Amino acid sequence: MDDGYIPKHSVLELQRAWPGSEVRWVTGGHVSSFLLHNDKEADPGAGDNRPPLSLVVGADNLASRVPAVAQTAFPQIAEFLERRPKTSAYTTHPTMHMPPTQATPNHQDDFKLKDTHPKLGERWPHGGIRGGGGWISSDRATSTYDLVEQMYYLYVSVVKGKDLPVNPVTGSCDPYVEVKLGNYRGKTQHFEKRTNPEWKQVFAFSKDKIQSSVLEVFLRDRELVGRDDYVGKVVFDMHEVPTRVPPDSPLAPQWYRLEDRHGQSKLRGDIMLAVWMGTQADEAFPEAWHSDAASVKGEAVFSVRSKVYVSPKLWYLRVNVIEAQDVETPDKTQLPQVFVKAQVGNQILKTKLCPTRTTSPFWNEDLIFVAAEPFEEQLVLTVENQASPSKDELVGRVTLPLTTFEKRLDHRPVHSRWFNLERFGFGALEGDRRHELKFATRIHLRACLEGAYHVLDESTMYVSDTRPTARQLWKQPIGILEVGILSAKGLLPSKTKDRTMDAYCVAKYGLKWVRTRTILDSFNPKWNEQYTWEVYDPCTVITLGVFENCHLGGAERSAAAKDSRIGKVRIRLSTLETDRIYTHSYPLLVLQTSGLKKMGELHLAFRFTCLSLANIIYLYGHPLLPKMHYIHPFTVSQLDTLRHQATNIVAARLGRAEPPLTQEVVAYMLDADSHMWSMRRSKANFFRIVSLFSGIMSMSRWLGEVSHWKNPVTSVLVHVLLFILICYPELILPTVFLYMFIIGLWNFRFRPRHPPHMDTKLSWAEAVHPDELDEEFDTFPTSKQQDIVRMRYDRIRSVAGRIQTVVGDMATQGERFQSLLSWRDPRATSLFVILCLIVAVVLYVTPFKIVVLVTGLFFLRHPRFRSKLPSVPSNFFRRLPARADSML
């Protein structure tokens, strides 16, 4: 009998199946054990012959193991295991001792991408006969929402009212409408003293949660004191509600006469309503009041709706500070030594200090800023004099709107201009002289807004858009990307105190951001929302992230004030086959200070449709970024700074939308912290480099085995191939390319079937040390104690020392190559020069085929003809001098 596995929550049920047992916790290392001991009084016939039942629980506390011997000894246990649900069985052993930061083996599959089979592209219902049919369907399929599952909603559109009765006591009417369907109630806003109000509000009730066959629409008069007065109502039978499917035109609203409480007589006043059954494809869906979010009140209602955002249009502002003239300082006895400080918003850059003291300083430096349309900031230039090493004096200032600069679409030079500065620092008595036109300090600038660059707000490794800023330079799209955000499963709250989950999903590709609606109180939310993007380059990445909405009210949630990250998914479009629908479940993995944690799964459906295969092939031969990035490139430090500024600008602009995309959401989606130091990332990148050379090392090992005759048959075949290629040298290149062609066809069988996802082993996220994780999540500058910082500093020094040694060895080998002809070692260079002369003469005299044949035979010679000592060329090369002896 095999060991049986049961969930941890079944332990108590197992204990009840075994009367008289006792449960004890035994903690040791990272594994806990249940020991169910026999109670002699409960079963005196058993005596001491029955061994104790041991239920071993892994570190994840998800499953328990029942040993086979215990199943044999206790029939109740075996009977319990037989009738347990099959889904609770585990195929892998959950009790392996592992560090707390590592995943247990039964979690390895959870970290991988899974195939799903949702019911996509179903037949969407037809409108049918108005006024009849109710929940009816038809054979007509939709063409726009074929990547999501159908979700039905009852829509109630409350448009307006007319001739509403007034309160006989107050002589006025403050009307509002209450829509009631079972236990769900939705209310419109109220209007004071209005008998002909216009609400124009839509309510949406999920069909899956409808528990009533009657829809009631009440009109009430709001009272400041006491209960609101009843004015009238309209009742609808759910079986008589028509169905509408886009692209059908919206259902025309109708006037309905108000009824009394019992529905027996008509009252004064009418309200205009439209009631229909639809899906999430309805135009009213995004702005509707949803019954799923009925508990959300006030301004938080806006934060639960689905929205589409557009990133601001970003420009690079290039300011070339050339020179200044007539610089005058308060101290007339000393010539000024000045520099220029430029500021755009929160971005501040400075030129170098002019090396000479003069009234006409010269710099000719470029200062690069990021600006966003509409241009709200201005360029503020100040000329400052360094009076002392610790004191700078303001000499002059000028403020320039960004709209005054021309927009450059190529690399042609821009005309320079002179600008007068306002004078400062002349005292209160001379304050009126600042704006005198007789004499003023001038500054010479060449400034422009660069439209031929792509402003990078995300890492180039995950770039989603490569178009230049200027729309005139955009090409036609080459494809369409459609993404269906279906649902999430098994989400875990980011805070241990949370008992609920209010999740939403954000997707970012190009300039377009989308945010799904927030599903309240659900660890398995279903969004079923579909979005479309135009694709201009296939070698781009779409990023999707899941977040917990922490802006829905409540003392605990409002104190956090930040939406918690649940996980992120990236999909590279170039790895997708065209016109194929992918339906996968992606694990949402988050690296925390406690280790790698799976926060749930995100179910997606997506399709990349090709509009022009010729344009896609054309793009593969062209640079990824616009040509200005290669004609006038930025430095690495400039790119890092500019990307940081662009990220801040995008976050600030999207944070002003309604509902806002918060700073933490934008930073997480754009990988704003990817440049921070991480021991884990350093290890991962190191082993990525090592893996790149694995193929070369394998080939060198194979050649070594051939040359050392480990397999005589292979060595003989290589000799035969060598003779064939020597006799027919024109076959060398065709043979090489034919070999690569065959290898490519052979690897076609093993091509990836799914788009790649987060690889926990590649990321070194499973075996990372807890202290390294704590260091990765530390703030910058650090907030740790001094002894911890000292320990981490010493660790970085040790790692950096090894890196320094490797880099030094690589530099040494390169310098030895230079030393062959540099005469740094006269004897070595003399020997090498003479050798070159001898080799040149031999190669002139000897046919090339003979040279290659002799070289190949020498390399493939039998081991008995080899020496165990290093070869002469190797010895000679290692004796060459390097520049390491010149280093301090």
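The count begins at 1 with the first shown residue.
Positions of Cβ are set from backbone N, Cα and C atoms, glycine also.
As written in TrEMBL, here are the features:
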- 91-101: compositional bias 'Low complexity' (COMPBIAS)
- 135-256: domain 'C2' (DOMAIN)
- 296-419: domain 'C2' (DOMAIN)
- 462-586: domain 'C2' (DOMAIN)
- 90-109: region 'Disordered' (REGION)
- 604-621: transmembrane segment (TRANSMEM)
- 686-704: transmembrane segment (TRANSMEM)
- 716-748: transmembrane segment (TRANSMEM)
- 831-860: transmembrane segment (TRANSMEM)
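Between the transmembrane segment (716-748) and the listed ranges 604-621, 686-704, 831-860, the one holding the most Cβ pairs under 8 Å is 831-860. Within its own chain, the transmembrane segment (831-860) has Cβ neighbours under 8 Å at 706-707, 715, 718-719, 722-723, 726-727, 729, 820-821, 876, counting only residues six or more beyond its boundaries. Mean model confidence for the domain 'C2' (296-419) is a pLDDT of 88. Residue counts for the domain 'C2' (296-419) under DSSP (helix as H, G, I; strand as E, B; rest coil) come to 10 helix, 66 strand, 48 coil.
If you look at the transmembrane segment (686-704), the same-chain residues 6 or more away from its ends with a CB under 8 A from one of its CBs are 762, 764. Using a Cβ-Cβ cut-off under 8 Å and counting only residues 6 or more beyond its ends in the same chain, the transmembrane segment (604-621) has close neighbours at 118, 120, 147-148, 475-486, 535, 537-539, 542, 544, 569, 571, 573, 576-586. Across the range of the domain 'C2' (462-586), the DSSP-based residue counts are 13 helix, 57 strand, 55 coil. With DSSP classes pooled into helix, strand and coil, the tally for the domain 'C2' (135-256) is 6 helix, 52 strand, 64 coil.
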